[in-house]
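Take a look at the structure below.
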Amino acid sequence: MERISEVSAERGRIAEEVRRRRTFGIISHPDAGKTTLTEKLLLFGGAIQMAGAVKARKAERHATSDWMAIERERGISVTSSVMKFHYGDYEINLLDTPGHQDFSEDTYRVLTAVDSAVMVIDSVKGVEPQTLKLMEVCRMRNTPIITFINKLDREGMEPLDLLAEIEDKLQIECAPLTWPIGMGKRFKGTYSLYRKELNLFRSGQDRLPADLVTLRDLDDPLLEAHLGLQADQLREDLALLQGAADPFDEAQFLRGNQTPLFFGSAINNFGVREMLDAFVEIAPAPRPRETTTRMVDPGEEAFSGFVFKIQANMDLAHRDRLAFLRVCSGRFTRGMKVIHHRLGKEISLTNPIIFMAQDRTGVDEAWPGDIIGIHNHGTIKIGDTFTEKEPLRFTGIPSFAPEHFRRVRLLSPLKAKQLQKGLLQLSEEGAVQLFRPLGDNSYILGAVGVLQFDVAVARLRTEYGVEADYEAVNYAVARWIEGEDRRKLAEFESYYGNSLALDRNENLVYLAPSDWELKYVMKKWPEIVFKSSCEHL
Ligand code: G4P
């Protein structure tokens, strides 16, 4: 066994940096309040000075429907994809999971690079479809989730009904750590179940120390003094809660089976600090990650990391692309030589973007949980692993079944080769998925967000000189097909030949016109495995 005295200074330093790091994303349905919450978190962290900064960026993005303009704007504010801030002793990396019309596979894939997630739910609307989809992705890696129920300043669902809905629709146990007192006009604040403290609500941004009232117990007359008739309601709620909700269990939370719940109002900056304080305490630091050969511990001295996102067109003139790499172990230093294992090549990371706090001067290092940006001209793919020496390949960076489909129509007839090359590269980069139907020679593109189609056509034009557009196809769902029974698989192939296609890695994919049809076919062919995601190779 290693003795403490033998642990090198470097290992100690890495362990300390790992301990201080929290890397997370926010998942929510559009309009639940993600941008508002992000802004409040950044204000606490001192990463922005002024309320409205994040909001303004969102408004700017939405004011334009021209995606090239969006990309250009992003090019300037690329750091906003990773918002880094300090809070107390902690270094926090908040990875942006774009929603709205930006919704794409990137949104899903960013979640493969986080260690935990904060889920924002609108108390008026409850669980909404996009939250459900993002939650499914979190479930693939058992990502621990903290829930923030927002907009308590409005008349919303009864808190107990909300809990039941989350448990039912998202299949996760709820453990409230705070509890709301009234809502809408009667919203008085929250009660902290673990601190036995009242947090009194006043609208507006400023929170005062006098708003926090510590109680001896629930019979404390201070409760009546502050809440009046609503004191009894709180006592009743808490009694009910004892029977209805589970106590917080850290192990269950870390396994992704239970979510601690906080109530508040992001716009009023209410309940946010409580959640952040709990977040840094209970959310996991960077955890070991699986590779095809072994688990890699973040505390290992040798550097390793993987690419989870590629952002194109940072600079249109140079076709530059930025690969986002998550550091998984060791210390990263500027100029470091690393091996790009898929190509078996050593490269020098001389000019990485290191996403650090606002002040980027003099930052030359990154640690496990941090994200670095590497410039490249198309040689890096999603899922690529970089290490100092050992040939490793991180797993768990999948492609997700697309939900929208289009057939590509080439408009410049002499450019068939360029079209093929362009589509292949765009799909390798993860911008869009490419399928070749078994029955004909066409190209079908698949995406999880329709903006990806506009992006693909625009990039074909600007980067490959190909004019193309789309025609509708009657597909709504895709599933990767596998089966141990070769004979059955062959039978399935001959039966459904017209609905089958190959993805860019020559994996077989079944394309169905509806969910209903997929379910019917799945029932009919129990020997066939229909997979909704596929590991990046
Ligand atoms: P998103 O990023 O999840 O899409 O949501 P965003 O923060 O943009 O919030 C969506 C809307 O909800 C915004 O209103 C925002 O002001 C409002 N909102 C956020 N938190 C709260 C809250 O705690 N209480 C209430 N009542 N509203 C909240 P908007 O009218 O769309 O935009 P704006 O005009 O306020 O900018």
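Note that Cβ sites are derived from N, Cα and C of the backbone, with glycine treated the same way.
Copied over from TrEMBL, here are the features:
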type	residues	note
BINDING	28-35, 96-100, 150-153	GTP binding site
DOMAIN	19-287	domain 'Tr-type G'
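Taking a Cβ cut-off of under 6 Å from any atom of ligand 1, the binding-site residues SER28, THR97, LEU152 reduce to SER28. The C-beta environment of LEU152 (GTP binding site), restricted to residues of the same chain at least 6 apart in sequence and closer than 8 Å, consists of SER123, PRO180, MET183, PHE187, THR190, PHE201, PHE263, GLY264, SER265, PHE270, GLY271. Every protein chain shown contributes to the tally, and the Cβ of THR97 (GTP binding site) ends up with 24 other Cβ atoms within 10 Å.
When averaged over the domain 'Tr-type G' (19-287), pLDDT in the model lands at 86.
Same-chain residues at least 6 positions away in sequence with a Cβ under 8 Å from that of ASP31 (GTP binding site) are, in sequence order, ASP122. In the three-state DSSP reading, THR97 (GTP binding site) counts as coil.
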